Structure formats: C-alpha cells, structure tokens
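Each remark here refers to the structure printed beneath this line.
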Amino acid sequence: MSDYGFANIEEAKADAIFKLNAQYHQDEDPKKVNMSVGAYRDDTGKPWILPAVKKASKIVEEQASFNHEYLPIAGLPRFTKAAAEVLFRPNPHLLSEDRVASMQSVSGTGANFLAASFIETFYVKHTGAHVYISNPTWPVHRTLWEKLGVTVDTYPYWDAKNRSFDYEGMLSTIKSAPEGSIFLLHACAHNPTGIDPTREQWLSIFESLLSRKHLVVFDIAYQGFASGDLNRDSWALNEFVKYNKDFFVCQSFAKNMGLYGERTGCMHYVAKDASTKNKVLSQLCIVQRNTISNPPAYGARIAAEILNSPQLFAEWEQDLKTMSSRIIEMRKRLRDSLVALKTPGSWDHITQQIGMFSFTGLTPAQVQFCQERYHLYFSANGRISMAGLNNSNVEHVAQAFNHAVRELP
C-alpha cells in the first residue's frame, strides 16, 4: 500500500450557490428571502410541480411496461427524438435527413460534459484550440472545460457601466480569436445577466463566427421558460442552422419542466450529413459508457410523455406561460418599487433582462449588506433568481437594495 497521505490535500471550497442555500435554510428570520438557487417557485415561495408533469408522472407509473431497467447508452429513444424535435421545430428537415446525433444526458451539466469531452478528444487534441466562454457565465462552464485540460478564455458580455450587453466587446473577441476556436454561446436567457443579443446582433455574431471558422456550442437551459414561447427562445440556434455548419447543443429540461432533481437533458450534434452524424454518435456512446454508463430513466419517461402527447404538450406550453409571466411580473414589481423609493441609479435593466436571473449591478459589499441586514441570500456578483421573489417579499427586497445602494454607494 502506498504511504501517500490524503491528510495533506487542500480542502476544496464549498460551491457558492449551494452554500448560500444552506445558509438560507439555517436562518430563522421570518423575512428571509432565497434568491440564490435557479429553481422556480410559485407566489407562495413553494416549489411548483407543473400540472403537465403531474399528469405525465401518473401515466408513466400506471403503464404496464413501467420498470426500473437500464436505458440504452444513448438514452430513451422516445425522449431523445422528441427532445430534438422540440428544439428544432423550425427545421424539421434536420431530423428527416438524419443529421442530428442526440445523446440523453444528466441534465444540462451532463450535456455540457458530453460536448466538451468529445470536442477535447476529437478537436482540441488535433488543433490546440481554446474555448471562449462569456464573462460572466455559469461557473461550471469554466471548471468543466478546465478539468478536461482545455484552455479557457473569455469574451466580454456584460457592460457593467451601462448594465447592458457588451455587443462590440463580444464581436471584437470573436474576430480576434485564433481561427478555429471554440465559442460557447447561451441560446437564450443568458446566465447570469439575463441579457440576450437582439436578432440583428445575433446575425452579425454568426457571420463573424463563420468568417473565423470557429466551432460553436449552444447551451439552452431555458427554452420556453424565458419568454413563454418555445420557438422564440430557440430562435438563435435555429437561425444558425441556415448556415449549414456543424455545431453542438446542450439542452436541459430542469427549468422548463421543473425536473431539477431528475437530471433530464440531451446533447445534440448537428452534422452536415448522416454519415458524420453516425460516426459522432458512436464516439459519444463511448464517452457516455465510460462515465455514467447510461442515463437516468424516470425524468426522461416523464418528459417523453409530455413531448409526445398533443394534450400534455399543449398543457405544458400553458405551464411555461404561467412561469414566465410570473417572472416578468416580478421584474416589473421590483423595478417599480425601486423607482418609487427613488433608489439612486437606473433600474430599467431589470425589466430589460429575460429569464430566471437578473444581474442587479449590486457590488459584493452591497450584497453582503443585504444578507446581514435584510436576510437576503443571493450571489456575491449581484445575480438574483427572480423566481425567489413574490408579492409578499418584493417590497422587502426593494427596500434592502435601496438601503444598500445609499449606505454603500
């Protein structure tokens, strides 16, 4: 046996979001508000099981064929096919031409891992390409690629001064990055800023990416949740299809179906032809087999039931509108409350942003002030989950922000 002692290793830092969530649950103050975790809550602050999901769960469990057997390595075919169909609704020819390789994944995180692992093996090792992620972005985007040994660079995204999208900064980096770099893009409801490019800006971004022969990976965690419209939220990646270039998409059903703990997702590779698609799919199966072997079944069965039933699909679309409209209303309430309090600065960015998160622009010191004085729990970078707001606490949150901005300008 080796004499190596594990007592000498460094203790890793706790994940910031999960640490905040734990602190919130330990806090006994009745006015505490949890705006850290990206999970939908209803207006009473409770987790919400979508009505369509409730019905689908019942159908799944009452099926005579229901069991707990292993799924195929690539996942539940009924789910992966339907997941691709809902993603590429405006481009059905992709599926009829057999150009989409779809791998069920452990939610969006697993989808990102599958894409990154494949790209590292079959692209980075041959080209030495770096991956470019937005600054800021979901923290796992960086750590996941770094753990695979890929060099991570960033492109500007958030204009802190104007609290808006840094379009020129992003475009400049795309144009100056070495030819054939990898660019990871948020398809909608950018996390954490909530700011998306306009359609005109997307088109310019795509032209620049293609002129530099960059490889594109889309991450779409909020299809339908962002605006309430499935096609609108997937517009960018479907527009990219028109350029006839291969690309990857990381898809999650955690947010838009509320299947957080079921870890239901899919990774899609869009190929130029069926032959390439089959080769890539075969290699993705090797990655899957050597990591998780095969994906979890229950959430996939629920999602498949919804996606393949016209009645449940229509109800799900209504559920999406219910969630997105409440988030939009909370944005308006928070902004209006800050304006009514005459809080210094402009707060229009709150209603200009979209999706689950808002990048408030508060400093780490102001965030800490809000936690200590008002028992608000949210990220040190000022990101809040709008789902944590409701009609009972939005005024309390506005008062905290107002006090923090005045106390610590």
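Glycine is no exception: its Cβ is also placed from the backbone N, Cα and C atoms.
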Additional site residue, Trp138, Trp145 [criterion: listed by Swiss-Prot with Gly38, Asn191, Arg383 for L-aspartate]:
Trp138
Relative to the mean position of the Cβ atoms of Gly38, Trp138, Asn191, Arg383, the recorded L-aspartate site, which additional same-chain residues have Cβ within 8 Å?
Pro192, Met356, Phe357, Ser385
Taking only the Cα atoms, work out how far Asn191 (L-aspartate binding site) lies from Lys255 (N6-(pyridoxal phosphate)lysine), in Å, as a whole number.
13
So which recorded positions are near Lys255 (N6-(pyridoxal phosphate)lysine), with CA atoms within 10 Å, out of Trp138, Arg383, Ser385?
none
Greatest inter-residue Cα distance in Å for the L-aspartate-binding set Gly38, Trp138, Asn191, Arg383:
11
Could you check the recorded positions Asn191, Ser385 and say which one's CB has the fewest neighbouring CB atoms inside 10 Å?
Asn191
